[in-house]
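Read through the structure below, which is laid out as structure tokens, and then see the notes.
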Amino acid sequence: MSTWVEKSTSGLNNQGSTVNRLSAENVTLAYDQRVIAEQLSVEIPDNSFTVIVGPNACGKSTLLRALSRMLKPSEGRVLLDGQVIQSMPAKKVARTLGLLPQSSIAPDGITVADLVGRGRYPHQGILRQWSAEDERVVQESMRQTGVAELGDRYVDELSGGQRQRVWIAMALAQQTPLLLLDEPTTFLDIQHQIDVLDLCAELHEEQGRTLVAVLHDLNHAARYATHLIALREGRVVAEGPPKDIVTAGLVEEVFGLRCQVVEDPETGTPLVVPAARRARARAAVGKVAATEAS
Amino acid sequence: MKTTNRAVRTPGGLSVRLDVRAVTVVLLLIVATLVASVVLIGTGDFPIPTADVLRTLVGEGNPGQEFIVTELRLPRVLVGLLAGASLGLGGALFQAISRNPLGSPDVLGLGQGATAGALVVIVLSSGSANQVAAGALVGGLVTGLAIYVLAWKRGVHGYRLVLVGIGVSAIVTAVNGYLLTKSDIVDAARAVVWMTGSLDGRDWDQVWPLFALTAVLVPLVLVNARGLRMMEMGDDVSYALGVRVERVRLLLMVAAVLLTASATAAAGPVSFVALTAPQLARRLTRSPGPNLLPSLCMGAALLVVADWVSQRAFGAEQLPVGVVTGVLGGVYLVWLLVSERRAGRI
């Protein structure tokens, strides 16, 4: 992989090779002087539903921002189809890789169809502002996310769950093979969280899109992800299919939480059950005693 | 009136999407502006009937009327139209970039900055009208640059821009007060008239530079309008959609500062047009987006109508147009503050 020719212009023809379309190579990520991660390397397997998990401030959202070229690594590089992502034309990236950020503002008085239509921006130009294809893709995206009936409604009138579906529809209208989602379930109640995750799973399974999401809930991650990346303090602690890597030891290492891992009765995936308060307190006392003894 | 978008496509693959309501608003505003302009040309110490004004404008009037129309009143109206259009567009750009109706040049202190530039010329060198205009232009540009530099920290954000602008505005106002106290009575009187914003005595010398600048800037702005429309959804979303956010923002801010400063240089700091025009336009079109063209037309219409009101209502002792826009705009600003407060946005 290190012999990869950076100047390669045949970027889009690499799908057949063993190199994944999106990866970060030895990146150092920092806001001003505050370093979040150093020498971090991550591969996003093609056609996977990759979920990045980790405790607060472990750098998972920062990593997603770097992968979507919102944050320029101070060292290392992010590669998309073999090219350094920052060196690619903005619209070309936007036709390959979509991002649903955490913070997005629905303009005052905008309708659902209008907002979803804005996802077509990277496919448009000054002379080609609204083609029949744009129209078709917008309808299709609204249908896939179940908001087709809401087309004429104002976005500010919708419930939180509906609104998130609309934003996902906008990202879908961008028609990118790769879609990155930054905590898509935050601020939603439980049935809408599952709803959004089901939708993501559908997009992954039925359309073969590569999805990368940052999720807070480890159990959601373990259930939906095909590939899990566990981060702690800017380092990858483990990665792989949830079944292979989610163990009590890993959860303790990454989150500092004692727990049992059982089989999810619905899906057979790992299910994390935190240890009861007493058991954890006992363990803590034991730890203190052990340190004092030494 | 929810979905008024119509797509127009040619077999060659060209396509545009038109908001029917916005297009209607623009056309009606253009008609209203033209009517007001013709009426305004006919207004003055020697009233000229509308029919004669039209005849003179197409070159078939009598020599007396021809002189009054083409040499005295037409340039004045054209300066009003161009300055109003520039202020309307500049205001719409600033409000869209800061995502805040208060982020307009009046509040940010660009007017005060231009005033400072003009005062320096008037008070320190008793310069000619053109030198005063140049001073105002420089003052506006320097203030715009200062605001941008002070508010810049990984991208200009709405609130920071507004707050920095208010601070800059206060400082420059103090400087202006100082300059006035240092001036003698003749210069002070001239400065005060300039500071209120007046179209009195504008001639072709003011029209051409303003026209040239708008002829370059307006198309440049409109070409970048689609990116600006995406930026309404926040930097992250627009960036993800392939908008080069920083570049578009810098380019449009420079254009907005130039438009506002040149309008101020030509007509004085006509207050509140830049604040009100985009808001009024938005309420008429009821469409999201920066509403650039409707704001431009609204600015031109507002300034020409305000000039007519100031000439009409106060007769021979002409009231500077800035007083009229100031009164109208001030009332609007109070209303805006109250309604924004109620909506919990400030």
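Don't overthink the numbers, they just go from 1 along the chain as shown.
Cβ coordinates are placed from backbone N, Cα and C, and glycine is handled just like the others.
Within the chain carrying the transmembrane segment (B:20-41), a Cβ under 8 angstroms from the stretch's Cβ atoms is held by residues 1, 4-6, 48, 50, 53-54, 57, 69, 73-74, 77, 80-81, 281, 284-287, 291, 293-294, 297-298, 300-301, 304-305, 307-308, 311, all 6 or more beyond its ends. Among the features that TrEMBL reports, transmembrane segment is placed at B:20-41 (among others).
For B:77-95 (among others), the entry in TrEMBL reads transmembrane segment. Only residues 6 or more beyond the boundaries of the transmembrane segment (B:77-95), in the same chain, are considered here, and those with a CB under 8 A from a CB of the stretch are 33, 37, 40-41, 101, 103-106, 108, 199, 202, 206-207, 210-211, 213-214, 217-218, 221, 228, 252-253, 255-257, 259-260, 262-264, 266-267, 270, 273-279, 281, 290-292, 295-304, 307, 321.
Long-range contacts of the transmembrane segment (B:107-126) within the same chain: residues 94, 132-140, 142-144, 146-147, 161-162, 165-166, 168-170, 172-173, 175-176, 179-180, 182-183, 187, 190-191, 194-195, 257, 260-261, 264-265, 268-269, 271, 275, each at least 6 residues beyond the stretch ends and with a Cβ under 8 Å from a Cβ of the stretch. The transmembrane segment annotation in TrEMBL covers B:107-126 (among others).
The transmembrane segment feature in TrEMBL is assigned to B:132-151 (among others).
With a threshold of 8 Å between CB atoms, the same-chain residues lying at least 6 positions outside the transmembrane segment (B:158-180) that come near it are 97-100, 102-103, 107-109, 112-113, 115-116, 119-120, 123, 143, 146-147, 150-151, 188, 191-192, 195. Among the features that TrEMBL reports, transmembrane segment is placed at B:158-180 (among others).
Beyond its flanks by at least six residues, the transmembrane segment (B:207-225) meets 75, 78-79, 82-83, 85-86, 89, 93, 248, 251-252, 255, 258-259, 262-263, 266, 290, 292-293, 296 of its own chain at Cβ-Cβ distances under 8 Å. What TrEMBL lists as transmembrane segment is B:207-225 (among others).
Non-local neighbours of the transmembrane segment (B:250-272) in the same chain are 79-80, 82-84, 86-87, 89-91, 93-94, 97, 105-106, 110-115, 118, 133-134, 136-137, 139-141, 144-145, 148, 156, 193-199, 202, 206, 209-210, 213-214, 217, 220-221, 224, 228, 303, 306, 320-322, 325-326, 328-330, 332-333; each lies 6+ residues outside the stretch with a CB under 8 Å from one of its CB atoms. The transmembrane segment annotation in TrEMBL covers B:250-272 (among others).
Beyond the ends of the transmembrane segment (B:321-338), by six or more residues, the same chain brings 80, 101-102, 106, 195-199, 267-273, 275-276, 279, 302-303, 306-307, 309-310, 346 to within a C-beta distance below 8 angstroms of the stretch. Taken from TrEMBL, the feature transmembrane segment covers B:321-338 (among others).
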